[in-house]
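Report on one structure; see the data block that follows.
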Amino acid sequence: MTAKAPITQDVMTLPRKLPQEGKVNLVGMTRDQMREALIAMGTTERQAKMRVGQIWQWIYQWGVRDFAEMTNLSKAYRADLDAAFVIEIPEMVSRQVSEDGTRKYLVRIAGGHEVEVVYIPEEGRGTLCVSSQVGCTLTCSFCHTGTQKLVRNLTAGEIVGQIMMARDDLGEWPKPGEPKDETRLLSNIVLMGMGEPLYNFANVRDAMKIAMDGEGISLSRRRITLSTSGVVPEIARTAREIGCLLAVSFHATTDEVRDKLVPINKRWNIETLLDALREYPKASNSERITFEYVMLEGVNDSDEDARRLVKLIEGIPAKINLIPFNEWPGAPYKRSSNNRIHAFADIIYKAGYASPIRTPRGEDIMAACGQLKSASERQRKSRRQIEAESGLG
Ligand code: SAH
Ligand code: SF4
C-alpha cells in the first residue's frame, strides 16, 4: 500500500430485513426493562433474573443476534424468544475508510433516517465517536450538524447499536470460551457525533449503562466522554446517573462571542456553566473536565482570549483541547494558522494546564469534528443564512 492510499468506499447492499412485525427489540433495554419484557412473555418471576443474565451475555458479551445460538437456553425457550423478540441494531449503509485509517459509517435507523459514526484508530487503542440525535436542535454557527434541519432523538438501542455495529465491522466480539483480550480496537467512546447528548438524556444514559455493564461490552466509565454544548441543568445529573467523563464545548471567553458561536449560551451563560462544572468532578469523583475550544481565525484565537480562558477556569481541574476548525462547504469561518494555535496553546500550557492540539482525523472523508451531517440531508442553509442567524453577517 502506498502512503497515499486511495479512499475506499463500500456501499453495502445488504438484503432488506424481513418485516418483524409485532416483535420487540431487546437491544437498548436496561436489565430491568428486559426482565419486565421476559415476564410479559411468560417467564416466571423466579427465573426472569437469571434469564436476563444469560441473554444479556449472549447479546453484549458475545455479540450474538440469533436466539438459536443461545445454547444454554432450552430449545423451547429459544423458540418463545424468537416469536416475541428481535435483536436488532442500525443497518450500515456505507463505510468510508480515510487514508489515515479513520472509518466513517453511515447508518440507517427506523424511519429511514441516517446518522454518522466515526471510528478513530490510535496506537494501542481506538475511539468510537457516537451520535445521539439525527441532526441537532442547536445551531452552533461553526458546526455542520447544526445546519441540518431534520432532528429526532436516537433510542437507547440505536445508540448502543452503533457500538455493536462497529464491533461487528472490526470483528471484535470474543468467542465464548476464549480468553478475554484486554487490548481492544474499540476501547473508548466519545459522545461527540451528531446531536446534543444532554437533550436526549435518558436514552444516552441507558445506552452508556449498557456499554459499561461488566457482563457485556464492559467499558469503564473513564473510557466514555460525553461532550455537551452546555445544557447546564443536566450536568449534575450526568455525574450522578452516568458518571462518565465530561467535555464541554467552550469555544469563547466572553458571553458576547459565545452567544454567537454557541447560541445556547444565551440561555446558560459562561458564569452559570462554570458554576455547574465546578461541581462536576466532586459529584462524579472523576478526572479533569475537557474544555473543547475550536480555533477560529480572528474570532476567538487571540493571546488575550487565551489569558481570559485561563482566568475563567481557575480552580477547575481541566484540560484544554484545542480543535483546529474543520471546514465544510459554506462554513462562515476559517481555521486559525498553526502559529496562532501554538501561541494560544503555549499561554495555556504555561498557566499549568494540558493544552493538546487535536489532530484532525479523516478530513478527506469529512469525518472530522463538526463535519458530520448525513448524506440524506442535502438541503443546506446558505452561508448567508448561517451568518445572519449567528449575528456575524
Ligand atoms: N453537541 C455536542 C457534541 C457534538 S460536537 C457538543 O456540541 O459538545 C463535538 C465537538 O466538535 C464539539 O466540541 C463541537 O463544538 C466541535 N465542532 C463542531 N463543529 C466543528 C468544526 N467545524 N470544527 C471543529 N470542531 C467542531
Ligand atoms: Fe449541536 Fe454540538 Fe453542533 Fe452545537 S456543536 S450544533 S450542540 S452538534
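Cβ coordinates are placed from backbone N, Cα and C, and glycine is handled just like the others.
Per TrEMBL, the features are as follows:
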ACT_SITE  Glu116  active site, proton acceptor
DOMAIN    122-364  domain 'Radical SAM core'
BINDING   Cys136, Cys140, Cys143  [4Fe-4S] cluster binding site
BINDING   Gly195, Glu196, Ser227, Ser249, Phe250, His251, Asn326  S-adenosyl-L-methionine binding site
ACT_SITE  Cys369  active site, S-methylcysteine intermediate
Rounded to an integer, what is the Cα-Cα distance in Å between Ser249 (S-adenosyl-L-methionine binding site) and Cys140 ([4Fe-4S] cluster binding site)? 10
Entry from the recorded positions list Glu116, Glu196 having the most other CB atoms no farther than 10 A: Glu196
Indicate whether the residue listed as 'active site, proton acceptor' is helix, strand or coil by DSSP. strand
Should we count any of the binding-site residues Cys143, Glu196, Phe250 as near ligand 1, judged by a CB under 6 A from one of its atoms, and which? Cys143, Glu196
Can you check which residue among the binding-site residues Ser227, Ser249, Asn326 has the largest number of Cβ atoms within 10 Å of its own? Ser249
Filter the candidate list Cys140, Glu196, Ser227, Phe250, Cys369 of recorded positions, keeping only entries whose CB is under 6 Å from an atom of ligand 2. Cys140, Glu196
Give the maximum pairwise CA distance in Å, whole number, for the residues Gly195, Glu196, Ser227, Ser249, Phe250, His251, Asn326 listed as binding S-adenosyl-L-methionine. 19
Relative to the Cβ position of Cys143 ([4Fe-4S] cluster binding site), how many further Cβ atoms are located within 10 Å? 26
If you count other C-beta atoms within 10 angstroms, which of the recorded positions Cys136, Cys140, Cys369 is the most crowded? Cys369
